[in-house]
Ligand SMILES: Nc1ncnc2c1ncn2[C@@H]1O[C@H](COP(=O)(O)OP(=O)(O)OP(=O)(O)O)[C@@H](O)[C@H]1O
């Protein structure tokens, strides 16, 4: 846990209470008001009941004395007080039931609201955030714990108010017995409270400390129990090994939890005993006073009850404060996540000064966060509209990174990238995204209908069947889609009933179709789009790709030189730098890296 949290003053940690209340209030005002009123009622009624209890005993004693003195007794008062107390008890039960009803309703609404807030925020984040493990921890913590905390905090605040009202009313009645009694009542619970606060802080630190392990646990659950991993887990017999690791993590976490729970409960019990001892000392005091005849039997019953309930109220108040402290700590993770600064999303430009200029990289360099060496260094290139560019290079040479920079998923660290003569940073994000259609190697396979998987390429036409078909034609996907039982409406993926699985090449055709959904995109980027396709399909795709590119820019990453050679311009990247460039013929003439790689592959085909 960072120092700034541990060093905060005790009161400072209550800083989220007002925000939690605001959150609950804005989620449902009527329920919040009902909750407040019921809390007040539930706070006041117990003192009333104790007071009536004393009246009953005294009325009984008086009636009994009257009976002994003159043989006649009126039970009118006894019955009145009994009936009144019965009424108050019923009202208290109603108030408590109402409280729990309001709580359940609010809990559901608030949980949903906070989850939406968390997901909404996730939409504004940059790719780099998701790749940063520390940040990912924040997200996991927020999702796991924080959604129930605001209501809990508010309930505890209300609970605190309720018990405080009770305590004040008990105190008022007890004052008639002795002001010291009130003081004893208040002080008896303090030690238990201090212990509770300390352990709440410890529990939170534990929770924070073990975030990475909890994340690993969740990940192992996914690997062990999800269909997309099942194949490998079975073939390689990974199951037992991973389960063992899963158990190991649990054991470590459990040990820490157990130790804390044992310490928390032992201290709680020991310090709680002080409270009990105080309570019984007070009982003896009240009994002695009654025997001495200074208070009536009815008053004795009332004071005993006030002590007992008063002590329960003090404990409840202290526990509520301890709980609030804990809720506040957890909420701090939610707000830490929600307030993660997000860089401004570029400018507002919809056009560049020179549409005929296309794409330019000027001395672009980029290093991934946390990496020691740059993934790209001093990249210069220029592609005009109507031209195609192929990127070749070994695994890890930086090809995909270059595309990510072009798509503005990351910002270059050095140099700049221009589109139509304007720095990418100045472009309006939506306009930019509309102009670029990218399919990455690891494109998403949505467990949705086939058509929606294509439609995902253009949210405005997500449901447009005519466009699905057109795009699928271009991606050469129509032929196999038509053989599926529901055509474009076939559900994909095993998470759902009747979901179909596709072959690797079929998925790639879907992904290509998705890229072609962007009818308005004039920059089309395919990162190894055809690796899983058969040779015939690949040849057809590229023929199509070339015909389609009139006035557009096509960028292609491929390890297949038969397709690479078709590009107007070929760039060879090595360790993040451009080492060769030119057309196929030029590069073959140069007899360098490209020619070497090309002939290696050509030999394989001979
Ligand atoms: N998200 C990331 N965070 C940190 N480093 C990364 C990330 N993605 C890639 N790298 C590193 O950056 C370098 C370039 O990766 P890149 O994905 O651009 O290679 P590539 O040329 O596309 O490789 P391939 O042919 O295998 O697809 C590699 O060394 C890789 O380890």
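Every residue, even glycine, has its Cβ placed from backbone N, Cα and C.
The domain 'ABC transmembrane type-1' feature in TrEMBL is assigned to 33-326.
Annotation source TrEMBL lists transmembrane segment at 75-95 (among others). Remote same-chain residues near the transmembrane segment (75-95) are listed as 38, 41-42, 45-46, 48-49, 52-53, 55-56, 59-60, 62-63 (criterion: CB distance under 8 Å, separation of at least six residues from the stretch ends).
Look at TrEMBL and you will find 177-195 (among others) tagged as transmembrane segment.
The transmembrane segment annotation in TrEMBL covers 267-286 (among others). Within its own chain, the transmembrane segment (267-286) is flanked in space by residues 177, 181, 184-185, 187-189, 191-192, 194-196, 199, 295, 300, 303-304, 307-308, 311, 314-315, which lie at least six positions past its ends and keep a Cβ under 8 Å from the stretch.
Positions annotated as domain 'ABC transporter' by TrEMBL: 359-600.
Residues 167, 170-171, 264, 267-268, 271-272, 274-275, 278-279, 281-282, 285-286, 289, 295, 299, 303, 307, 310-311, 314-315, 317-319, 321-322 of the same chain sit 6 or more residues outside the transmembrane segment (177-195) yet have a Cβ under 8 Å from a Cβ within it. Summarised as a single figure, the pLDDT of the domain 'ABC transporter' (359-600) averages 87.
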